[in-house]
Amino acid sequence: MGEEREATRTEYKLEMDSELRFEIENKNEKVTVTLMNGHAELFGTELVMRKPYEFGVGAKVAIFTYHGCTIELRGKPDVAYVARETPMVQYLNSNSALEHLRAKAEQDDTQGPVVMIVGPMDVGKTTLCRIFLNYAVRLGRRPIYVDLDVGQGGIAIPGTIGALLVERPAPVAEGFSQQAPLVYHFGHTSPSDNDVFYGVLISKLAETTLERLEANKKAKYSGMIINTCGWVKGGGYRHILHAIKAFEVNAVFVLDQERLYNELLRDVERAVQIVFLPKSGGVVERTKSQRAEARDNRVREYFYGSKMPLYPHSFDVKFSDVKIFKVGSPALPDSCLPLGMKREDNYTKLVAVQPGPQLLHHILAVSFAESTDDNVIQSNVAGFICVTNVSMEKEVLTILSPQPRPLPQTILLVSDFQFMDSH
C-alpha cells in the first residue's frame, strides 16, 4: 500500500465566463474535482468550496465560472482543457427571460412558461434542461421536468416517458431526486418502433401534467421544462409539433439546427416563441455502443443505485399470479381488419404474452392498472422488474425488483429492452 502513488493533481485557474471541460473513458479511472477558490457551477448546480466531487467512467463534465475560480483535478481524465468560448451567458440570458415570465405569472395568477428544448442528437438538450431546472429551483421555483426521450429515459429508465416535480438542484455528480415521478411505459427505445402509441402517450402525459400544474400554485407559476428526443425529421418532427400543442408550449429553444428552427417558425402558431441557441463546444457525439452502454447504466442505477448503493430483491413469481401483455400487434392488411377497426388500433392494442423463456432478461413495467378493464396502455407505472430466470417446469419467473415481494400490482407490460444482470 505504501508504494501506491498519490493521484495526479492538476490546478486550473479559470478566468471570468470560461469553463473547465473533461471526459473520462477509462473504466478504472476516478477523477476528483475540488473548487479551491471563487465560484463555479456544474450545469447550474453550485460547487461547494473545498468539497471533493468524484466522477467515474462516462463522465463528460463542464465546470463554468461567471467570475473566475481555481479548480483542482485529481486523477487522469482522458481529455481536460479550459474553454473560453461557451454559450453559458446566452443560456443564462434565456433563463432570465423565463424567470421574468414566472414572476409575471405569479403576479397575474396565470400559468408560468411551458418550455420545450428541441434539436438533433448530441447537441446538449438534456444538459440545457438541467441548467434551466437548476437555475429555477435556486430562485425558489418548483418547475415540472418532462422527459419525452424514450432512448435514454432520464426520469425512469429507457423505453419510458415521464414527469417530475423538481424541488431542489440536482447533486453535482447525479441526476434529480426521483421521488414520486409520473412514468408511462412505451417499451421501445425509439418512437419510430410504435409511432401511434408514442403519440397517445404524449397526449396522456400532457393532459396529466397540465392538471398537476393547475393543482399546485408553486408549480403553476414555475411552469415546465420539456426534453425531447433527437429525431427531428419526418415522424419525429410531427411528434414535436404534436407535443407543442398537447403541452400548450409557449417557448421552444432550438439547439444547433437552423433548418429545424426555420421549419418551426413556419409551422408553429405565432404566439409560441421560437428561440435559436448554439450548442456548447463541449458537447460530445456518442457512438451507438456508447448509447447502449448509457442505457444499461441507467437500468443498473435503477436497481443498484450509483453513489449510494441500493439492494434490490430477487424472488419467484408464479405464472398464474401475473398477467403479462405487450402493446401493439403486427399490422394486418385493411381487408383483414374486423368491422369498425382502424389500422392504427393495432398499434395500441393490448396483446397477451404467454410466460416463457422469451422473457428472459426483459424489463417488465408494473402497471398501476388493477384490471384489463382499466385503460392499461394509458395507466402510469409503479416501477420496473427484470426477469432473471424462467422455469417452465415450476411455472415461475425469477425477478429482480427494487421492492420486496409481493408485487404491488399484477399487470405487467413487456419492454423490448433487455438488461443482463451481472451482480
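Yeah, the Cβs are placed from backbone N, Cα and C, and that goes for glycine too.
If you look up Swiss-Prot, you'll see E19, K60, D122, V123, G124, K125, T126, T127 marked as ATP binding site.
It is D122, among the binding-site residues E19, D122, whose Cβ has the fewest other Cβ atoms within 10 Å in the structure shown. The Cβ neighbour count for K125 (ATP binding site), using a 10 Å radius over every protein chain in view, is 26. Cβ crowding, taken as the number of other Cβ atoms within 10 Å, peaks at T127 among the binding-site residues T126, T127. Non-local contacts of K60 (ATP binding site) by the CB criterion (under 8 A, 6+ apart in sequence, same chain) comprise R21, E23, G282, V284. Non-local neighbourhood of V123 (ATP binding site): G230, L255, D256, Q257, K279, V283, each in the same chain, at least six residues away, with C-beta under 8 Å from its C-beta.
The maximal spread of the ATP binding site, taken as the longest Cα to Cα distance among E19, K60, D122, V123, G124, K125, T126, T127, is 19 Å. With a 10 A radius on its CB, G124 (ATP binding site) counts 25 other CB atoms from all the protein chains.
T127 (ATP binding site) carries a helical DSSP state (H, G or I). When secondary structure is read from DSSP and collapsed to three states, D122 (ATP binding site) falls in the coil class.
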